[in-house]
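Per TrEMBL, the features are as follows:
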type	residues	note
DOMAIN	8-118	domain 'Aspartate/homoserine dehydrogenase NAD-binding'
BINDING	Ala123, Asn188	NAD(+) binding site
DOMAIN	167-252	domain 'Aspartate dehydrogenase'
ACT_SITE	His217	active site
Amino acid sequence: MEKIAVIGAGALARVFCRRFAAALAGRCEITGIMSRTFEKTEALAAETGAAACRTLDDLLALNPGYVVEFAGVQALKDYASAVLARTNLIAVSAGALADPAFRAKAEEAARGSGHRLIIANGAIGGLDLLRTYALMGGAKLEFESLKAPKSLAGAPGLKGRTLSEEREEVAFSGSIDEAIREFPKNVNVAVAARAASAAEQSRMTLRSVPGLKETTHSLRIENQLLHAELSFSSRPDPENPRSSVSAAWSVLACLDALTAPIAFF
Ligand SMILES: NC(=O)C1=CN([C@@H]2O[C@H](COP(=O)(O)OP(=O)(O)OC[C@H]3O[C@@H](n4cnc5c(N)ncnc54)[C@H](OP(=O)(O)O)[C@@H]3O)[C@@H](O)[C@H]2O)C=CC1
Ligand SMILES: O=C([O-])CC(=O)C(=O)O
């Protein structure tokens with residue numbers, strides 16, 4: 001039985017923990033949860049039957065085979081090296097990879113210990129295909145996200161501005177590196193796509209669309225050998241409209257691929 005530890009007790013961690021048993025029974029068990037607010041950790045741990053941990057050291061002392069991260073870009077940056085020194089890490093806050101110093105440090109930690117940092121598909125799919133582009137080379141990536149105004153509220157890039165509830169607005173247009181600095185809880189998917197594909201050229205547009213019921217991420221990627229267009233529309237989490245529920249399911253699917261007798265790549 002593979003032991004799984006969880007960082008975060010927010011919207012995605014809750015979906016992950018609540019759906020875990022049905023998806024991975026007999027192969028994986030959640031042994032510990034750690035987050036910033038201990039009361040929330042305790043509540044989710046009680047629901048899950050896992051240990052509530054106050055610190056990362058306590059979580060790692062449970063000897064998990066995989067730690068899964070649902071805690072945000074800064075938390076991933078803060079914890080990745082320590083986790084990778086001890087075990088494997090599956091992360092959704094791929095935005096951290098936009099920081100070259102973080103990426104180099106995480107890679108060094110993983111190489112040093114033989115563990116792996118695995119970036120989950122999150123609210124998109126197809127990172128395997130995008131990886132194929134990285135091997136082929138020469139990819140050009142265009143990424144577009146459509147989110148409801150309330151999903152973007154409070155992002156640093158809005159500098160206190162409130163987005164219109166009446167008309168569509170371009171909330172951001174430019175480089176993916178700048179996008180993740182300005183919208184760290186909204187465009188992890190774009191950084192994941194760019195990092196997986198090693199695109200030589202990339203840009204993104206983030207649109208605020210009043211009344212939107214499903215967050216939509218679309219990407220177009222091409223090189224001399226292959227042209228692909230992918231689009232994903234997913235329900236936002238009712239408790240945290242910034243995050244698509246499917247992002248939590250993607251981590252369940254990732255663990256399924258890592259532990260099932262037959263895997264689909
Ligand atoms: N790749 C993808 O497709 C997607 C990626 N994401 C990423 O996933 C993250 C989590 O999403 P979601 O669950 O909706 O967010 P929530 O804000 O609902 O939950 C975040 C959880 O992480 C905890 N946390 C924050 N900082 C730390 C820390 N330093 N140490 C330990 N715990 C911490 C929070 O604690 P507290 O309750 O105290 O705030 C909370 O429990 C997002 O911030 C984003 O980076 C999200 C959606 C899609
Ligand atoms: O959940 C989503 O739709 C995507 C998201 O927030 C992110 O990539 O940060």
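For all residues, glycine too, the Cβ spot is worked out from N, Cα and C.
Predicted automatically and left uncurated, TrEMBL annotations should be read as such.
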Based on DSSP, tally up the residues of the domain 'Aspartate dehydrogenase' (167-252) by helix, strand and coil. 24 helix, 32 strand, 30 coil
Tertiary neighbours of Ala123 (NAD(+) binding site) (same chain, Cβ under 8 Å, six or more apart): Val189, Thr215, His217, Phe232, Ser234, Ser243, Ser244, Ser246, Ala247, Ser250
Checking the recorded positions Ala123, Asn188, His217 against ligand 1, those whose Cβ falls under 6 Å of one of its atoms come out as Ala123, Asn188
For Asn188 (NAD(+) binding site), what is the tally of other C-beta atoms lying within 10 angstroms of its C-beta? 29
Near the residue listed as 'active site', how many other Cβ atoms are within 10 Å of its Cβ? 25
